[in-house]
Structures are given as C-alpha cells and as structure tokens.
Amino acid sequence: RICHSQMSSQPPTTTFCRVNSCYRRTLRDPHDPRGTIIVRGCGCPRMKPGTKLECCTSDKCNV
C-alpha cells in the first residue's frame, strides 16, 4: 500500500507500507485553539476517545 506520510505543515510525501491500510488523524493544535493538525501514515492505529481517525485501504487514500 502507498500512503501519504506527513503532517499538515509539511510538503506532501508518500511511503510504501507493509500493511494494507492508511490513516489520517486530526487533532487540535495546542498553540492555536482554532487550528488543527493532520497526521498521515501507515496502518490504522488505536487512538484515545475523542481523536478523529479515518482509515482507508486504497493507495494514497489518506490525502
């Protein structure tokens, strides 16, 4: 699987993953209460309740 693997503030990058899924996690920016940070990567990790997590299973699906 090919997944995007960067934070929202970084230029787009992709990586080849051994697992069959990608994720996109959205969390609040601690420095800006109105802002959010988006983190992308391989797999579908378990998150604490209240964290927005989207998992998908096609190449580059976590845009």
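Heads up, the Cβ atoms here are built off N, Cα and C, so glycines get one too.
For the recorded site, Cys3 (disulfide bond), the DSSP three-state label reads strand. According to Swiss-Prot, the feature disulfide bond maps to Cys3-Cys22 (among others), an assignment based on similarity to another entry.
Sequence-distant contacts (6 or more apart, same chain, Cβ under 8 Å) of Cys17 (disulfide bond) comprise Arg1, Ile2, Cys3, Cys42, Gly43. If you look up Swiss-Prot, you'll see Cys17-Cys42 (among others) marked as disulfide bond, on the strength of similarity to another entry.
In sequence order, Ser21, Cys22, Tyr23, Cys44 are the residues of the chain that are 6 or more apart from Cys55 (disulfide bond) and have a CB within less than 8 Å of its CB. Cys55 (disulfide bond) falls within a strand segment according to DSSP. The disulfide bond annotation in Swiss-Prot covers Cys44-Cys55 (among others).
Taking the Cβ of Cys56 (disulfide bond) as centre and 10 Å as the limit, one finds 16 other Cβ atoms among all the protein chains shown. The disulfide bond annotation in Swiss-Prot covers Cys56-Cys61 (among others), and the record cites similarity to another entry as its basis.
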Under 8 Å between C-beta atoms and at least six apart in sequence, can you list the same-chain neighbours of Cys61 (disulfide bond), or say none if there are none?
Cys3, Cys22
Which is it, of Cys3, Cys22, Cys42, Cys44: the one of these disulfide-bonded residues whose Cβ has the most other Cβ atoms within 10 Å?
Cys22
